[in-house]
Amino acid sequence: MCFESLCVFFSDKSSGFGPVFEEQPVDTIYPEESPEDKIIMSCRTRANPPATYRWWLDNTEIVIGNEDDYSLMGGNLVISFPDRSKHAGNYSCLASNEFGTLVSQKASVQFGYLDMFSSDEREAVYVKEGQGAVLLCDPPPHFPEDLSFRWMLNEFPEFIPLDKRRFVSQTTGNLYISTVRASDSGNYSCFVSSPSIAKSVFSKFIPLVPIAEREKYPADIKVKSPDTYTLLGQNVTLECFALGNPIPQIRWRKVDGDLPVERHNISMSGSLLHLYDIQYEDEGLYECEADNSKGKDRHKVHLYVEAPEWVEKISSSERDIGGDYIMSCLASGKPKPHVHFLKNGRMYGKNHELRFTDLTFDDSGMYQCIAENRHGTIYANAELRVFAGAPSFEWNPVKPKLLGAKNGRVVIDCKPRAAPRPSISWSKGTELLHNSSRIFIWPDGSLELLNVTKSDEGKYTCLAENDRGRANSSGSLSVTDATKITLAPSSADISVGESARMECAASHDPTLDLTFIWSLDAHVIDRDREHYESKMAGTSSSELLISNTQLRHAGRYSCTAQTPVDNVTVSAELVVRGPPGPPGGVRVDEVLTSSVRVTWSHGTDNLSPISKYSIQYRDVQAQQDWRDASTSPVNVEGNAEMATVINLTPWTEYEFRVIATNTLGTGPPSDPSPKITTRETRPVVAPSDIGGGGETSRELTITWMPVQPQYYYGSNFGYIIAFKPHNDPEWMRVTVTDPQARKYVHKDSKIPPSTRFEVKMKAFNSQGEGPFSISAFIYSSQDVPAEAPTIIEARTLSATEAVVSWVPLQLQTVEGYQVRYWRESVENEASAQRALVSSRENHTRLDNMKPNSHYLIEVRAYNGAGYGPASQRHKIYTKKAPPSRPPKIIGTKMNYSGTTINIAWEQVEPLANESTVEGYKVLYRPEGQPSGMLYTTVKQSIDLPMKKGDYLVEVRAHSEGGDGAVAQVRIAGKNTFTLVCFYAQ
């Protein structure tokens, strides 16, 4: 650390200076299980002569050399073989040289540890699907507190990904699941890491067992950050997580202001609010809101910003002997810091200032001002040096060449270095000067001349004298012509977007350079080159061009003509008229179901009267863009300060803003009003697209399109369903409380099948019921088919295929047929293979069967209500498998004319469990294509026509169980061939 007040002090002397800290000790955590056998506490200063160092532990000086545990390396303290019982505590470093002593900031040495989790088994957690779950981490004893937490599922290192449904609190380590699903079943372990000591441990597994009973639950915040105290400039993370089904949405806001722009971030689907570089204005009340379709929950947390902070610090100083001096430092913070002083490392004063009168050399030394409260300690360091000496102009002589403008004012400085304070006298040539109407010698020794003329030119000498000696310094004064404005800029009145030009000219002494400086309201125009352009017009005039003028460019423009000797200034006014500024103080009252009253105060009209106001609104929850509001009156005049906004939606959270317009345009909008929610009323929108019908037998399924949330118009929203058989006079009514529901199933064993029902629906909320929808007509479910099909035929086609046919049922309710088949005595009925067939068909092919096996087959009809009774089971026996060995190619021969080629192979002998060979199939196809000419033969050879290009010949045995493995021959060109055999597995 370098204290700036010391870094450049005494740069004018070759003598030394007191210590200046460049590196100080910092808080250190030493892992108890660390393989390192030492701790190094840093302390380094810049000093001349070099500093010597001492160290203290808890207000006791460490004697280096008496104990083997401690040694010095430069200014650093080395602690060997650290031991908690001997070496834990607060350390400080003292650096000293002949100019004084400084004490470093205190730094702690602490010993970190993280024990293992308990070996006791964790109890299983049983949770209904849809409910939330909390798995407790319960971390083992540890130090320090800055742990990080993750959770594993079933095995290491399968860490659970976090999302809007799952959250791990970095405060408690607990795992929160907002809505438990069947897929969450498993064994969970809390994985704890201590970054300070680089160690991790994990707990015994906790079984989570979801129970199949899905319901919906309102949002319930379970992770709540407590009221938080933080220091200025630090970062803070606030946690908020809710259980509930559907998964709650989480939003953050600052109750008494806005979240800090560009210094906050929201992550983990809203569960974490990060605040960066905390400032005092960030203090206040923060609210987390969680909501789903079943309800809302809120939690507020107060953030307090506390820290000691310097308002005024001491700085190094050199003071004259015998003089007076006040050394003061002020600190702010919450709670108010205690301030005290050290001199050369020892207590010197217990308030915020030191007062010195009649300074002596003994007052020289190193001073430290220390401010501390419960949150920390801050230091300010300075060196005070008391000086005594004869006057000297070595470092600050009188300027040798002085210039003054005719009829102007000249001040000649005389500032020798001297202590005690010297007496000052002035002379011109040999004439001693005294105070008069034109000549004045200031208390600090400066000489002032008024109404200067050519006769004032000459040599001026300053003489300084004290009890230690005397010295003088001289400079020559020359008088030049005064600078005068000859053309002043003119005032102008323009509108936003227009341009303005200002001109300025001056006369001046021809021996001096003349420059022009333009300023606006006493601020020099040196930026905003997009709008300003200044240029010289010759050697004695300047012009300023202001293009695309904005409201901020209005004001008093000054032109200053300046030489090295004098300057003169002249000004002009620029008036810029433009669109009005934003209205202020927007408030909302008289809140009804569909209207509110908005009031505001006039903003600036920017010199053009306001002609009208317009009001905009936006739905806060929908996060929609701003929209123009309908108002009463329709046209809001420019002198109005209130209007009624109409056609709003009941039970909706809104915010409003106001925009002013004049003849020059429309201004920026006001700040948004405080958020308000319109009053509740009974709903007016009914569900739409009512439909449904029968699904399972003795059930009536009713479906609809739910009402959109903006039409709920109140809390506790739900639906009333009324239904009855078409000709029945009495209605049945049921209530559905889930506003997002889309389906209701009425189960009643007395519901007749295929019966026409009339259905109508309406919405309700806490204020009452809305109107019924238009009636819809649906049919109850039909009964399952009552008859079983009769199988006509079932026969095998090969080792893996069969065909089955049946007599179709003459029932209109049949939608199709299901064929089931399985191996007798080998497979159970539940694992049967299934084939679905349309009601228009009465046969199907069965595949994927096992060779040489007994199969049972049954057929049943089905419709939307389910499956009817099964047919009598039919038994078939699949054929043996086809030969598994391919034919062995033994010869290829082309005839003399080259028109055919003969392919020959050995007879394929099937295995005992394979079908007898009935013949051979030969596929002759172009290479790269799947199809070609297929030949069959009972012989062991075949003649094939020669063709241009490359061809493949595939030969396989054929049996009643199907085709066997293939052998392949490649024919390349007309007169050559290549033999390639591939054997089936």
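Cβ coordinates come from backbone N, Cα and C, glycine included.
What TrEMBL records for this protein:
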- 19-110: domain 'Ig-like' (DOMAIN)
- 127-202: domain 'Ig-like' (DOMAIN)
- 218-304: domain 'Ig-like' (DOMAIN)
- 308-385: domain 'Ig-like' (DOMAIN)
- 391-478: domain 'Ig-like' (DOMAIN)
- 483-571: domain 'Ig-like' (DOMAIN)
- 582-681: domain 'Fibronectin type-III' (DOMAIN)
- 686-783: domain 'Fibronectin type-III' (DOMAIN)
- 788-881: domain 'Fibronectin type-III' (DOMAIN)
- 662-694: region 'Disordered' (REGION)
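Taking pairs at least six residues apart, the domain 'Ig-like' (19-110) and the domain 'Ig-like' (308-385) share three or more Cβ pairs below 8 Å and count as touching. In terms of DSSP helix, strand and coil, the domain 'Fibronectin type-III' (582-681) has 0 helix, 48 strand, 52 coil. Mean model confidence for the domain 'Ig-like' (218-304) is a pLDDT of 90. For the domain 'Ig-like' (308-385), the DSSP counts in helix, strand and coil order read 3 helix, 48 strand, 27 coil.
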